[in-house]
C-alpha cells in the first residue's frame, strides 16, 4: 500500500483478530498490545484484561470474543506521521467455541496465527487457520513463549513454514514473548504493513453486520457491529433486514475496551450501537442493519451459518419458583452466546425446565456455571446426549431424538442412527499407540496418518460423536502426557444398534442418569454407572439398591449399606433384653423408611456422575 499525506481515515484502519490453540497465549499477547498502544495505562493493567468474566480468568481461557479499539503511531520513518486505528477481536481457542471464532473472522481482514514455541502447531491451530483461509484473511504467523527454556523456536518455525508455504521464514514469521513484551512491537508494525485496510464506501447506503451482542439493563440489547458501508449516528432510524425490526439509535460508540460513545461510526469501523430494544429476538447476530429510509435498495450481508448444537442436556431449577428466572436468564445469555439453544420441557420427576443445546461439554459447563454465578440459580442437569435419529416401524423418515426422555418404546423402533465426526489428532509419535487404543475403545475407525516433521504426526479417524463429548479430551491428554490435541467436524449419520439404559436408585428411575448406549456396551456402561454412583451417593438410614436396567431387565446392581446408628450407646451394663428391643425397633423403623424412602441427590452428585472414570 502506498501512503500519501492526505491518507484518509478508512485507509488507516486495520481490523484483525488473534487465533490460536487453547493456552498458546492469545490473551497475554492482547494485554501487551493494549499496553504498547497506550490503550490501558500500566497501573490499571491486569492479566487477561479482555477476559471480562470471572470464570474466564479462573480457568485461564477465553470464552467470549471481545473487541477493542487501539490507536497506534508506527515508529518506522515512512509512517511516523500517521495514526492508525487497530481494531482487535480476541477470540476463544477451545474447539467448543469455534462459532465465536468464525463470527469474528467475518468482521476482520487479518489474523495473527499464534503458536506456542514449546508445543508447536496443534489441532485447533489448524482448525482456526482453515477458517481464516476460508475468509481470505491476511495471516501473520507469530511464535510465542520463545523465552522459555524448553522453547523449540526453529523447529516450530519450520512447521509453520511448511504449513503456510513460506519461503523466507526468518523474515515472515515473528518470534515474541507475550509475557515479557519481547518482539511485540514488530507485531504491531506487521499488522499495519500486512493487513489490508477495510473495503467499503462511506457514501454508499448504510450496511452494518451484527457480529455479537450483550444485554445492558439501561440500554437494552447492545449490538456489536462492523460498519461495511455508509455511516451510522445517534438519532438515525434503522431497520434489521432479516428480523424486520425497526428502532431509533440513541448511542453509538467503540470499545476502548470499555464502551465509549462517539458521534458516529463510519465504513470500516468496529463498535456498538444501542436502541433501547429489550427483546432479544428483535436484534439477532448475523443480521444486517440499514437506514429505515434508504433511498436505494441494499443487499443484506451474508451473515453467518446458524451453529448446530451437538450436545443436549436438560436444566431444571431446584426450586420450582425459579422457572421464570431461568427462562429470563437463558434469554439474556443467548444474546452474547448465539450458539446456545433452549426450549421448555416438563419432567414428571423434576417439574418444569428447559432442554438446552450446546457446542460441547465445556460449553455446557460454562453455561451451567454462569447461570449459577450471574443469576443465583441452583440447577439439576440431566446426562448430556447427542441428537440421534430413529426410524420407526411403518415409517421411512428418520425422527430426530435429542432427549433421552423422548426415546421411543423399543418395540416401535425399526433402526437407529447416530452422528459421526471426522477427527484430527496431533501427537508425538511415541504416544501413537496409546492414542490409537483410546480411539478404538471409543469405536473409532482409522483413516490415515500424516507426519509434520520427525516429532509430530496427524492421526485421522472417524468416531461416533457420543463417544467423545464427555471425557474424551481429558483422557486424550492423559494418555499423551498432555501433548496431544484434537479438532473435529461432523460427517453425518450412520446406522448403529442403540438402546436406552436406565438407572434406578431405591427402586425409582432417576431420569437424569438415563442415557443412550450401543447394545454391545450396555453391560459395561451399566456396571460403570452403578459403581460410580455407589461412590458418590450418600449413605442413608436404610439400605439402598442402585440398579442399571434395559427395559425391565436389571443388568447391573450395587448396594449401599444402611448407615448404622448406635441406639444402645446410652445403656449401661449388660441389659441384653433392653438392647434387643431397641435394635428390633430400629430395624422396623429402617424397613418403614425404606418402604417410603426417596433419595434426594445433591446437584454435585449429578455433575460428578457426568464424567466417566478415566479409561
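Even glycines carry a Cβ here, placed using N, Cα and C.
What TrEMBL lists as GTP binding site is 23, 24, 25, 26, 27, 28, 144, 145, 146, 147. Residues near residue 144 (GTP binding site) in space but far in sequence (CB under 8 A, at least 6 apart, same chain), listed by position: 24, 25, 28, 29, 114, 115, 116, 117, 176, 177, 178. Residue 144 (GTP binding site) falls within a strand when secondary structure is assigned with DSSP.
Taken as a whole, the domain 'Tr-type G' (11-199) shows an average pLDDT of 83 in this prediction. Feature annotation from TrEMBL assigns domain 'Tr-type G' to 11-199.
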Span of 23, 24, 25, 26, 27, 28, 144, 145, 146, 147 around GTP - largest C-alpha separation, Å: 17
Secondary-structure category, per DSSP, in which residue 27 (GTP binding site) falls: helix
Neighbour count (Cβ, 10 Å) for residue 23 (GTP binding site): 16
